[in-house]
Amino acid sequence: RCPMCAMDWQVLTRELSLYLENQVRVGLFGSGVGLSLVLGFGVAYACYYLSSIAKKPQLVASNNRFCRFLEEYCPVVTETYYPTIWCWEGRVQTLLRPFITSSPQVQYRNELIKTADGGQISLDWFDNNDSIYYPDASTRPTVLLLPGLTGTSRESYILHMIHQSETLGYRCVVFNNRGIAGEDLLTPRTYCAANTEDLETVIHHVHSLHPSAPFMAAGVSMGGMLLLNYLGKTGRDTPLMAAAIFSAGWNVFESVESLEKPLNWLLFNYYLTTCLQSSVSRHRQMLEKLCDMDLVMKARSIREFDKQFTSVMFGYPTIDDYYEDASPCRKLKSVGIPVLCLNSVDDVFSPAHAIPIETAKQNANVALVLTSCGGHIGFLEGIWPRKCTYMDRVFKQFVRAVFEHGNKISSM
């Protein structure tokens, strides 16, 4: 090439580059085509979000006085819930919450208490001795917290509940199921959603330590199922003045069937099964006295684990007998104290069709709050949901309502 040709080629290339750059800028944004597409998509998504995603929860309660109590002192249950706009789908919320939400720092005081069969239960206390509102420990309101299936006092949702309680001046105690929080098993027994003996022991122990303190409980997932089964068994004969339930599985048959669908098995079922196996493998030598641990460790689903371990551990003839006994929907009619239950209808752990709406309407002590989104212990809201979730706000407002206006709720 001659120098002149080379120069012409460079000029041509530069001019073509500038032309294309200008065309992209003008064509996409200067002419408004690209901007219109972006804005159009944004408007369409916003319309869909506001019409189909962000909704007021459904409040199910047959007792008008209970409804009015909630509307006045726990208004969050009647306000529109705006899920995080970029992850409102139930499975996504369920998966992301443990990674997105913060874990507030909590200093616990551990207590090991003995059980009638020779076992031990680990309780983690947050005494809140710096409480400004309730400086007298003997009358400081107490919240008993029950974590989920393999959860402990270190779960982020438990830490958030304690943080909310701390700001209100309340004391918290977390009930860790046997063998799950690092303590040894002294007897060949763990826990399940149906057997309430350990919970009864804990409730009476906590109440005996602070008999003059207002006392209520909150359970999450399996902890909520256990608490509901306890309340269905005891009726009004309990020192608890009220309870809050979050993401409980109402019908275990339906929950297990939902979790066995291919995608749900891949995302949740298999992982939870391995967590259960891990929680019992540490106590293998003790548990081999009752169960074939080789079969237990081969389980590939929660149903298989319950068949080989849980139902055998607690003496049920079949797994169906255990699942029937563990399903809170069968005991809801007998609940004798005010209970607020929060569920999302897109929770794969508790399918919408299995939520006992009609049964709840038959008990004046029960109120169901059903959101359109939220998943299982998700309920994320805000652009970047690091701190407070919708579930946290429901917990804080309801607990405060019970402790500060309990005379109105107890007279229902």
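Just so it is clear, glycine is given a Cβ too, placed from its N, Cα and C backbone atoms.
Listed in sequence order, P147, G148, L149, G151, F246, S247, A248, G249, F349, H376, I377 are the same-chain residues six or more apart from S221 (active site, charge relay system) with CB atoms under 8 A from its CB. Marked as active site, charge relay system by TrEMBL: S221 (among others).
In this view, D347 (active site, charge relay system) is surrounded by 29 other Cβ atoms within 10 Å of its Cβ, with every protein chain counted. Per TrEMBL, the feature active site, charge relay system maps to D347 (among others).
According to TrEMBL, the active site, charge relay system annotation covers H376 (among others).
Annotated domain 'AB hydrolase-1' per TrEMBL: 141-382, in sequence order.
Per TrEMBL, transmembrane segment is recorded for 26-50.
There are 26 other CB atoms within 10 A of the CB of H376 (active site, charge relay system), with all protein chains counted.
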